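Just below is one structure, and these are the notes that go with it.
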């Protein structure tokens, strides 16, 4: 049955009424929504969720494996260029991937979900193909950094909103499935990049990655069918939404969580080398982190249903902070190092799948892309500010030999995020009637 036919059917009238009710009160009982629309929680809905996971896998898998390219640039391709100049590729890539999604809502409002998805998938693939013929640092800054990063950010923004459009009963699980692609992405894309770099060189590595990218994002080109009732806000920024206390809590908490989150993957392998382990062993620790991250994201939907997303996040950020200060900081024992990294790999990424759950429960459908885009913008701002400051701490305070200041910083940032989430929980409990009687 076509969407146009559905619009004129009696069931479509009930859909419209239900959606009006949902905008007034974001949380409704599952029994009230289970029969609203045959398309909610359908087989196609699960295809949408899995397609979103594929987007996360190829976009964030490539993003998280950037260190492999960085090592190649430093030691093979650009040996005569400064490390500072080369680092601009990763800086632009990080900022674009996390921040440009704020334009996702206006783009979808203008051209629709289907064409926005097709365009972003093609442009991101073209960005990688152009990177495959790049020979200068500024070439890669534009291609791998800006073109691939920006178009990938739009794909991620669209992927975040799709579970809320296609699920009601199993929305939290669907968001968890979509987000899990990020954790497992490094396990898939990392080995592909490493193998192709060693066997074929960087130019063919980018071409093979472009093929993987168009295949991975191709699922969403098919799956992301537009809903006729979904009309996102056309403005890039809605200051009323931005001024809402919940938005402020999520942005500030996300700022600290993202800054803290990037420190262990960046510096833990080097700290393993500092206690005398080999380079191969230190690099394998990233696989452990990625595996636990994938499991964490996949289980986040169940945890949100069981305990409430904000409550889970409070505990997760506190546990990650305490683990940094109690396990990573004082010990030089490799077994305890591994235990720490497994704990950190499970708890530290939970902000990223559970934040969209909080957004989906608390904002109208038309506000979802903007809310997620603003929060991701703060993630990008966090890495833009945080990564250089962390590097300065290692250079000036740790003298490039001691990781103590970096570890302490990570622990403090996780704990600060946890404190913000405590205030968020109290606010939601007292000031948001639609949430206070539910698991927050």
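Yeah, the Cβs are placed from backbone N, Cα and C, and that goes for glycine too.
What TrEMBL says about this one:
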TRANSMEM  44-66  transmembrane segment
TRANSMEM  86-108  transmembrane segment
TRANSMEM  115-134  transmembrane segment
TRANSMEM  140-161  transmembrane segment
TRANSMEM  173-193  transmembrane segment
TRANSMEM  205-225  transmembrane segment
DOMAIN    246-440  domain 'Major facilitator superfamily (MFS) profile'
TRANSMEM  246-268  transmembrane segment
TRANSMEM  312-329  transmembrane segment
TRANSMEM  335-359  transmembrane segment
TRANSMEM  371-394  transmembrane segment
TRANSMEM  406-427  transmembrane segment
Contact ranking winner - 86-108, 115-134, 140-161, 205-225, 335-359 against the transmembrane segment (312-329), Cβ under 8 Å: 335-359
Same-chain residues near the transmembrane segment (173-193), Cβ under 8 Å, at least 6 residues beyond its ends: 45-46, 48-50, 52-62, 64-65, 68-69, 159-160, 162-164, 166-167, 205, 208-209, 212, 286-287, 290-302, 304-305, 349, 352-353, 356-357, 360
Confidence summary (mean pLDDT) of the domain 'Major facilitator superfamily (MFS) profile' (246-440): 89
Range from 86-108, 115-134, 205-225 with most C-beta pairs under 8 A to the transmembrane segment (140-161): 86-108
Cβ-Cβ under 8 Å with the transmembrane segment (115-134): same-chain residues at least 6 beyond its ends: 59, 104, 107-108, 140, 142-144, 146-149, 151-152, 154-155, 158, 202-207, 209-210, 213-214, 217-218, 220-221, 224
Same-chain residues near the transmembrane segment (86-108), Cβ under 8 Å, at least 6 residues beyond its ends: 59-60, 63, 66, 69-70, 73-74, 78, 116, 137, 140-141, 144-146, 148-150, 152-154, 156-158, 161, 232-237, 258, 369-370, 372-374, 376-377, 379-381, 383-384, 387
